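Let me begin by presenting the structure, written as structure tokens, before commenting on it.
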Ligand SMILES: Nc1ncnc2c1ncn2[C@@H]1O[C@H](COP(=O)(O)OP(=O)(O)OP(=O)(O)O)[C@@H](O)[C@H]1O
Ligand SMILES: [Mg+2]
């Protein structure tokens with residue numbers, strides 16, 4: 001069974017050009033426009049204002065959290081609010097220390113360097129980055145073997161903004177060199193309604209408030225998904241010719257397989273596998289990934305955080321376990337009493 005296909009509006013890998021252009025257009029440009037994450041916003045504001053008052057580059061910032069919660073958006077805001085140019089790169093594009101050296105040595109003074117998916121950078125580049133972050137200096141190795149020498153190179157001061165969906169994979173020395181780590185949380189329904197309202201105005205889409213609230217409750221706490229579902233509802237109302245009301249939302253979401261809790265097909269496939277093939281768990285991550293035909297990393301960073309957050313799944317030292325609410329949500333009876341499973345201390349991880 002394959003669970004991610006191109007028609008799924010909630011699939012994390014769905015990034016066609018039009019989707020990306022759409023996302024770009026809806027991205028808030030300033031901290032004031034950025035909805036929710038009040039704590040992180042306050043912390044960032046302080047950090048940026050202090051840097052500005054002292055006329056220096058802001059500390060390095062790490063943005064951690066599940067996909068679609070606003071990491072790239074915040075990185076752009078950091079550059080915008082500090083009035084500095086932004087350079088974009090990503091972990092997978094930095095496969096050698098030389099790639100990073102080329103990037104760092106071409107930065108202009110004060111530039112904000114955004115490295116997305118920073119946990120996927122090559123090890124050798126990571127080590128170069130430690131020194132660059134701390135002392136704005138790198139050592140470039142010239143030659144190989146016994147004749148190799150290292151040439152020190154001074155860099156222009158810069159602010160590194162790293163983003164990761166897997167902060168646990170970052171080596172400690174790298175994590176420690178960020179002056180501030182922002183942990184982004186899932187958004188609540190009121191915040192998502194605000195995100196949707198803003199998007200509806202920008203798209204000039206007339207949709208009623210109850211309809212927006214319904215989308216807000218079914219978008220996995222994620223602004224990116226909220227915006228995508230809004231677009232599907234707009235398509236639905238347009239094609240069916242009706243009003244953009246709660247009925248249109250229900251119709252569109254049913255068509256696209258988004259259930260009342262906002263679970264998409266991959267979420268449901270994972271829970272179904274745990275409930276039906278593994279008797280409710282515990283089941284190991286890799287076994288689970290194979291059984292739904294997905295990468296373990298996708299299950300861990302995309303699917304699980306939300307299922308844990310809404311209390312359908314717990315992560316225990318012995319594996320993943322479906323909670324009693326999961327059994328109830330799918331209307332499946334326990335084969336035997338699994339009620340003795342204690343929630344684990346690792347649930348919040
Ligand atoms: N706080 C917010 N207020 C309004 N819109 C938001 C907010 N956060 C995110 N968005 C919207 O959600 C979209 C996705 O956000 P963004 O690209 O920043 O997520 P991300 O965390 O970088 O995801 P990924 O891990 O997949 O790269 C943006 O285009 C933006 O329109
Ligand atoms: Mg991003």
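Yeah, the Cβs are placed from backbone N, Cα and C, and that goes for glycine too.
Database features (TrEMBL):
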type	residues	note
REGION	1-20	region 'Disordered'
BINDING	26, 27, 68, 71, 72, 73, 134, 135, 136, 177, 187, 224	ATP binding site
DOMAIN	57-188	domain 'AAA+ ATPase'
BINDING	72	Mg(2+) binding site
REGION	260-349	region 'Head domain (RuvB-H)'
BINDING	315, 320	DNA binding site
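In this structure, the binding-site residues that sit close to ligand 1, with a C-beta under 6 angstroms from any of its atoms, are 72, chosen from 72, 134, 136, 187, 320.
Taking 26, 72, 136 as the candidate binding-site residues, the subset whose CB lies under 6 angstroms from any atom of ligand 2 consists of 72. Within 10 Å of the C-beta of residue 315 (DNA binding site) there are 22 other C-beta atoms, taking all protein chains into account. Each residue contributes its Cα atom, and for residue 68 (ATP binding site) and residue 320 (DNA binding site) these two points are 24 Å apart. Here the binding-site residues are 136, 187, and the one whose Cβ sees the fewest other Cβ atoms within 10 Å is 136. Listed binding-site residues: 26, 68, 72, 134; maximum Cβ neighbour count within 10 Å falls on 68. For the ATP site, whose binding residues are given in the record as 26, 27, 68, 71, 72, 73, 134, 135, 136, 177, 187, 224, the maximum C-alpha distance rounds to 37 Å. Note: residue 320 (DNA binding site) has non-local neighbours 274, 281, 282, 283, 284, 285, 288, 304, 313, 314, i.e. same-chain residues 6+ apart with C-beta under 8 A of its own C-beta.
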